[in-house]
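Single-structure report; data block below.
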Amino acid sequence: MKQSIILGIESSCDDTSAAIISGRKILSNVAATQAIHNEYGGVVPELASRAHQQNIIPVIEQSIQKANIQQNEICAIGFTRGPGLLGSLLVGTSFAKSLAMSLEAPLIEVNHLQAHILAHFIEDANPNPPKFPFLCLTVSGGHTMIVLVKDYFDMEIIGKTIDDAAGEAFDKIGKIFDLDYPAGPIIDKKSQNGSPNAFTFNKPKLEGYDYSFSGIKTSVLYFIQKELKKNPQFVNENIDDLCASVQKNIIEILMTKLEKAASDLGIKEIAIAGGVSANSALRQAMRENEQKLGWNIYIPKFEYTTDNAAMIAMVAQLKYERGEFANLSTTATARYELNVK
């Protein structure tokens, strides 16, 4: 039986991406990033949606070319319906619907957060994917949550941030340090040359599995303001140690709750997903727990950590196999609950 060929389209934030999947195998995964947001210290929604309009056709054409297929071979089109920036989502949704009509191919809506988690089932991402049930720490600039994954489309959020996401905390603290946006990768890189024990910052005291990252941001801000009064060059002179200390603090907060959830539920299958899953300290903490706690860990390839269409195509493939299609009246939504099947 010939494998289905599915196009995935991702446009939830500031990356325009398209991918082709056949079965569980990714044939192409193309992305256009938007450097324009760096000078503003964050994503500007209006600029993002305009850039998507410019990028979406060349990105899709390139993904088809790289996959070495013809456009009429596409069996279905998967697109990110949400959550995300509404203007950005509308570009991808509208184009997906138009292309589906043109090709007379079925349309498949995809939840962006589910896609991050289910990227672990891409063939080249993980030859041995997680076994159900598993826990997935999903961490990005917009979301931080512990998800109990019972089946492909049966997921339960058992813990989440009550304020800032972990990636957002990295970016806001990076702004305090006068680092470029996005600050997370820069903090990670500078941490390699710093001492993680040089400075200590407050940790939240929350019951259960929920997170809070607004406290560490405030703690760092007050600490820096105090030190700059004594030495205006304090940040510049201590940037590596500051980055290493902040990174250690944030990763410890993330791992403490994840360890508690895994212990309470008796689950050893543990995955991470989302942009912050590229962080070297988080990956190292997972590897240490593999040895210390006997976890079976699942760490995504770097190309599947940030927003990408390969993960959208993967979910679309799973829904295609189930015959779960969307109709042309489907609209983008900025809020889209994770456990919506």
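In case you wondered, yes, glycine gets a Cβ from its N, Cα and C as well.
What Swiss-Prot records for HIS112, HIS116, ASP307 is Fe cation binding site. Other Cβ atoms within 10 Å of the Cβ of HIS112 (Fe cation binding site), summed over all protein chains shown, number 25.
For THR138, VAL139, SER140, GLY141, GLY142, ASP171, GLY184, ASP188, ASN279, the entry in Swiss-Prot reads substrate binding site, with the evidence type sequence analysis. In three-state terms derived from DSSP, SER140 (substrate binding site) belongs to neither a helical nor a strand segment and is classed as coil.
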Task = Starting from the Cα of THR138 (substrate binding site), work out which of the binding-site residues (HIS112, HIS116, ASP307) are within 10 Å.
result = HIS116
Task = Would you mind checking how many other C-beta atoms are within 10 angstroms of the C-beta on GLY142 (substrate binding site)?
result = 19
Note = Students should find that the Cα atoms of HIS116 (Fe cation binding site) and ASN279 (substrate binding site) sit apart, in Å rounded to an integer, by 15
Message = For the C-alpha pair, I'd like the distance in angstrom between ASP307 (Fe cation binding site) and SER140 (substrate binding site), rounded off.
response = 10
Remark   = For GLY184 (substrate binding site) and HIS112 (Fe cation binding site), the CA-to-CA distance in whole Å is 21
Remark   = ASN279 (substrate binding site) to HIS112 (Fe cation binding site), Cα to Cα, whole Å, comes out at 20
